[in-house]
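In TrEMBL this protein carries:
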type	residues	note
TRANSMEM	12-31	transmembrane segment
DOMAIN	12-395	domain 'Major facilitator superfamily (MFS) profile'
TRANSMEM	43-66	transmembrane segment
TRANSMEM	78-101	transmembrane segment
TRANSMEM	107-124	transmembrane segment
TRANSMEM	136-155	transmembrane segment
TRANSMEM	167-186	transmembrane segment
TRANSMEM	214-239	transmembrane segment
TRANSMEM	245-267	transmembrane segment
TRANSMEM	279-304	transmembrane segment
TRANSMEM	310-329	transmembrane segment
TRANSMEM	341-363	transmembrane segment
TRANSMEM	369-390	transmembrane segment
Amino acid sequence: MPDSSAPQAAPPLWLLVLVTLSGTMAMHMFVPALPDAARGLGASAGAMQMAISLYVAGLAVGQLFYGPLSDSLGRRPMLLVGLALYTAAGLAAALAPGLYLLLGARLLQALGGCAGLALGRAMVRDTSHPETAVRQLAMLNLMVMVGPGLAPPIGGALAGAWGWRSVFVLLFVVGAATLAFAWRWLPETGRPTGNVGLRRVLGDYAVLLRSPRFVGLALGGGCATTSVYAFLAAAPFIFTHTLHQSVHAVGIYAGLLVLGMAAGNAITSRLSRRVPSAVLLRVGSSLSLASGVGLLVLVLAGGLSVASTMALMLLFTCGCGLASPAALAKAVSVDPLRIGAAAGLYGFSQMAVGAACTALAAVGGDPALAAAVVLVVAAVIAQVALTVALRYEPR
């Protein structure tokens, strides 16, 4: 009999990067086009920001299902279904005549796009020996970070030249190409059991949710990382309405924030062997809290400028980058028998926090004030939740 632990035939790395990027690219590329879409559809800024919060919610919910379904039915069929849904929803969004149809299309686009987000990393694990998986995952994670940094400038340039619908035309074309490439070159990398086993999956989730350590890490990790989505959703209105910048400039500013996240990740990677991860967690979340408070003070004092806003948000995202790897590593290590379930539930928590933060950032008539308040509250929750989780660390 063949060795069930041996790696399967590996898909090309460029294809794994492409399918993994599909989910997050669609979220970030539309951000600079929000004001243009709001004008075109006669919607308020708050209503249009729901196009981001619904998308993040779709990414959150979808991750809970693609993993276990791919274990049962296979990685390839589930990924092809997700990419097909993502592509069709992109076309529907480009043609949407009104706000509600656009929001519905965005939700479906997220539910399709999260297939790549959930299964790309699983395919790396399926097809790599332990000693090579780390390198492959590191490259995949780097691309996932670079992609969202490039997406806002591209979205801003498209919206400025041809209007907001052109963003979805490009996403439709990219989705169709990715689907075709996956159909042609993506092998089945898993070992489908044919048994969905939903009761077992739910049982694993229940065990994790009864662990104060895991819940603290999942909630704290989400609040310490994806709370930045509140600012990303509000950024187009802050920069164009309050700071009088162009749509194209908004895309550049949003893209630059990835540099803070990358810097935080690089620092964590460099220090992780010498500095306890608990220290990195505390420092990262504290840096984000201090930056959020600084932004709130500037908003209340009427002292916002492009330079001050970008400086504070770069520090905030650097804190996110410091905390994110440490929180994820600790969360998936809570129960060695439930690593996969922990990863899925942690991903859901991150995206659920991101969706809640983007929705709350749309409350009220001042996007800058709403975003700053959300960032501060989320950072405080992160501090409390992570402190509780660390108290349950094994001695």
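Yeah, the Cβs are placed from backbone N, Cα and C, and that goes for glycine too.
Bear in mind that the values here come from a model prediction, so they are computed numbers and not experimental data.
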Long-range environment of the transmembrane segment (78-101) - Cβ separation under 8 angstroms, sequence gap at least 6: 19, 22-23, 26, 41-43, 47-48, 62, 66, 69-70, 108-109, 111-116, 119, 165, 168-169, 171-172, 175-176, 178-179, 182-183, 186
Feature contact check the transmembrane segment (167-186) with the transmembrane segment (341-363), CB under 8 Å, 3 or more pairs: no
Non-local residues, at least 6 beyond the ends, that sit with Cβ under 8 Å of the transmembrane segment (107-124): 11, 16-24, 26-27, 54-59, 61-63, 66-67, 70, 75, 78-79, 81-90, 92-93, 133, 136-137, 140, 171, 178, 189-190, 344, 347
Leading stretch by Cβ pairs under 8 Å, where the reference is the transmembrane segment (167-186) and the options are 12-31, 43-66, 214-239, 245-267, 369-390: 12-31
Interface-richest range of 12-31, 43-66, 279-304, 369-390 toward the transmembrane segment (245-267), CB pairs under 8 Å: 12-31
Cβ-based contact of the transmembrane segment (43-66) with the transmembrane segment (279-304), 3 or more pairs under 8 Å: no
